[in-house]
Structure formats: structure tokens, C-alpha cells
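Going by TrEMBL, these are the annotated features:
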BINDING   253-260, 278-282, 300-303, 370-373, 394-396  GTP binding site
BINDING   S260, T280  Mg(2+) binding site
COILED    206-233  coiled coil
COMPBIAS  191-203  compositional bias 'Gly residues'
DOMAIN    247-416  domain 'Hflx-type G'
REGION    186-206  region 'Disordered'
Amino acid sequence: MTETHIDTPEHPTTGELALDDRASLQRVVGLSTELDDVTEVEYRQLRLERVVLVGVWTSGTLAQAEASLAELAALAETAGSEVLEALFQRRSKPDPATYLGSGKAQEVREVVLATGADTVVCDGELTPAQLTALEKVVKVKVIDRTALILDIFAQHATSREGKAQVSLAQMEYMLPRLRGWGESMSRQAGGRAGSNGGVGLRGPGETKIETDRRRIRERMAKLRKEIRGMKTARTVKRAARRRGTVPALTVVGYTNAGKSSLVNAMTGAGVLVQDALFATLDPTTRRAELADGHEVVFTDTVGFVRHLPTQLVEAFRSTLEEAVDADLLIHVVDGADPFPDLQISTVRQVLREVLEEEKLPPPPEMLVINKIDAIDDVRMTTLRAEFPDAVFVSARTGEGLPGLFDRITAFVQRDDVEADLQVPFARGEVISRLHQYAHVLSTEHNADGTRLHVRMPSALAGEFADLIV
Ligand SMILES: Nc1nc2c(ncn2[C@@H]2O[C@H](COP(=O)(O)OP(=O)(O)OP(=O)(O)O)[C@@H](O)[C@H]2O)c(=O)[nH]1
Ligand SMILES: [Mg+2]
């Protein structure tokens, strides 16, 4: 049996609980209290409410540019803001000074005024200078895609390691961008323009920013050390896990593809599902039993996204390191997405890098196209032609799930052997191992002990070779 799970209002699922938690979350930057003053003064906490999105369309088709902006809108909404308007500019490359060209920037200023927006979100990573310059024109807070993703990760991280990794990423992002009050204070306190150069003339504001920088660097060094410690612990755990004979199936895929929904549908586990990006940050593991008696372990993972902020790459990868060490990767794709190809290649690229880094051979991959309830017949035909080997399912309606189970079962049984074993009385532990890891087809007690007919993984057959008759 799979983990039984009773969904009654009195017994909310784990996912619902996590959702409640999240709704009551205050958006706090992942810094410790000792740095409170720094976060308040220097880190421009994202209190996004009413936002205008802007992008620079440099290459690709119009539809791709629109899809990128739509993804930015989903990110902004995930971070808790209301998207008022989205616009982009066609340019060969972003303006080095202000990201958008000056005319377009002025236009954004007008949109901000007309809509009453309090923030402009740019679809890219801006340099600190670009952010400041654009802010001067639009006269509201400007943030970039990186800051937005960092903010979402900070809200969603739950494990100690996840939180530490995200804090580190935020500090790394923040360090070259320390300014805000610090900057204006140093201007006020440090005297008139041009006068702060000589010894003893540095204003207290400037001193403060230096102190803050140093403290952040110290805090980062401490965090890095802590993370290294957690990593060691994880590696040890992993070594223990891999000695088991339970097949490890890892569910990977682009953010919002429906990975958690699929794990829930397959195991009855209450994993958090949310129409939000990066709903899942920490890998979650669920045991399940296939119809043939095989026990398997599903691991749900963090979603992938294009243009992952460089500061987060490490955090993101570390959550995957363990998960990619799987017997099978179940790659979930949102069939309703206009560009499934782009999602697939993003996911595969990152997987390749993580596997290389971990020096692991690439596990076999099973492509699963999800959300088929949300697509029409024409689209379905196109997808079937494009991905002939894929399994088509709907985690929502359950359509196609039996087929997916069959494919997984066939995979898990691929090198199973069927055999008769004669287990003497003295080796009772073998019988319990067989019940746990093999499919016992028949049992018969006789004068010498127990005779069993089983189907089992070849590794197990090797272990009990002396008992096979
Ligand atoms: N129509 C439809 N919607 C689905 C299906 N599966 C999942 N969804 C929806 O897609 C959204 C994302 O689902 P999740 O299961 O949270 O996706 P995920 O891949 O785990 O997302 P992250 O953890 O954020 O990367 C939710 O709103 C689900 O209800 C499906 O088969 N059909
Ligand atoms: Mg998820």
C-alpha cells in the first residue's frame, strides 16, 4: 500500500499545512537579527505591491518575448504582487546606462504615474548602476528578475540548509548594491560634494557602509562554513541510502509543470501544490508500492527556470545533488506550455551540469507530458508526434496514470529475476528481507524451512545465490 492519507477538514494534508504557513509568512529577508540594522537600512526589502513589468526583447520571436514576460508576471505574482502592466522594448541589447532606452524609460514613468504603481520589475539582471539610473527616471523602486527570484526562494525555503543557502545568495546579491539610506546619509554627513576625500573627512555614513560590508562578509564566511558542514552530513546519509535496494525515482521538471501534483497523484502523499513558481524548494521523498509489489521511492524536487540568478545556482544545485543520484529521472513537462521544448532543454542542461559536477552517470530519463486535460486534440496530436516516447498524463484527472505506472513497473522490473528459494529455519531474516524487497509469489512451509517463489531485483538474487534451488 502507499502511505495512507485521509483528507478530512480536521486532518489537513501536509501540503495544506505548508500552504497555511506560507500564507501567514511575513516576507523577511533571511538575515539574522544581528544584522537587523543592515537589512532595514541597506537591503531594499521587497515589499512589492503594485508593479509594472518591463523587458528588453533582444532575440527570438515575439511569442517568446511575450512568454518570458508572462513568466516574469507569474514570478511577480508568486512574490505577492499585483501586476498592473507589462511592456517591452525591442533593442539589439539593453541600454548600458538605463537598461531601457531613455525614451522608453520616460514612457514607463508615465505608465507608473497613470497606474499608481510602486515598483518597476525588469526582466533581466541589471547592474547596480543601471538600477539607480532607471530609478531616477521612473521615480519608484526598480528591481530585477534576480531580486524577485531571490525573494521567492527566501519565502519558500524551509530546511536549514535551504535557508542558509538562500541567505548566502541574498547577501552576495546585496553586497555590491549596498546603498539606499547609507548612500544618502554619507552624502549628508560626509559634507558637500567634492569635500570628502582627505583623511579624517570620511563621513560617518561612509564608515557605516564599510562596517556593514565587513559584517556581511563575515556573516557570509560563517554561512559558507555552516553549509559545508551540512553538506558532509548529507553525503554520509546518501551513501547509506544508496546501499538499499529500493529503486529511487526522482521527479524533475520546469517550475509549475506539476511535479508535486504528480507525486501526490502517484503516492497519495500531501506534498504542497500551488499555482506558484518554486512552490517546492526542498526535495521531498515519498515511498510507494507498485501493483507488482515493488517498493519505490519518489523524490519531488525544486522546479527549474531559465536565467536562474547566478547567486542561486549553488543553492539550487545542492538541492539537486542528492536527487539526481537516482535509478530513474521522471521528467515532467507542462503540456499546456507554449514552448515545452525550451523547458525541456533548460532542465536537461542543468541536469547535465549537476551530474557532471557530482561525477554521476546520467540515469535513464522518462519524459512525462502532464496537464493533458488542459489541451485540445490538435495540440495533443502535435505533442504526440513531437515526443513519441513520452507518457501523457493528467495529474489532475488521473488520466494516463495507469500507463505511467506500467512504464515505471516495467522499468523497475527490467533486470528482475524469478527464482525459487529454500530458506532454512535459521535464516528467518531472509524471509523478511524478501517480503520487503522482492515480490513473493508463493510460500510453502516444509521440513527444512520455507520455500518461496519470488521475483526480485538481480542484486538481491546475487545476495541470496546460495539459497536458490
Ligand atoms: N490542468 C491541470 N493542472 C495541473 C495538473 N497538474 C498540476 N496542475 C496545476 O499546476 C500548478 C502547479 O502544480 P505543482 O504540482 O505545484 O507544480 P510543481 O512542478 O511541483 O511546481 P514547483 O514546485 O513550483 O516547481 C498547480 O496549480 C496545479 O494544480 C494537470 O494535470 N492539469
Ligand atoms: Mg512542486
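Each residue, glycine too, has its Cβ placed from N, Cα and C.
Because TrEMBL annotations are produced automatically, they should be read as predictions rather than curated entries.
Within 10 Å of the C-beta atom of N256 (GTP binding site) sit 23 other C-beta atoms, taking all shown protein chains into account. Taking all protein chains in view, 22 other C-beta atoms sit within 10 angstroms of the C-beta of K371 (GTP binding site). Each residue contributes its Cα atom, and for K371 (GTP binding site) and S260 (Mg(2+) binding site) those atoms are 13 Å apart.
In sequence order, K259, G303, F304, H331, V332, V333, D334, Q343, V347 constitute the residues six or more apart from G253 (GTP binding site) in its chain with CB-CB distances below 8 Å.
Summarising model confidence by region, the domain 'Hflx-type G' (247-416) averages a pLDDT of 84. According to DSSP, G253 (GTP binding site) sits within a strand segment. In this view, the densest Cβ surroundings among the binding-site residues S260, S394 belong to S260, judged by other Cβ atoms lying within 10 Å. Look at K371 (GTP binding site): DSSP puts it in coil.
Closeness to ligand 2 is met by K259, S260, these being the binding-site residues among G253, N256, K259, S260, V302, K371 whose Cβ falls under 6 Å from the molecule. With respect to their backbone Cα atoms, S394 (GTP binding site) and S260 (Mg(2+) binding site) stand 12 Å from each other.
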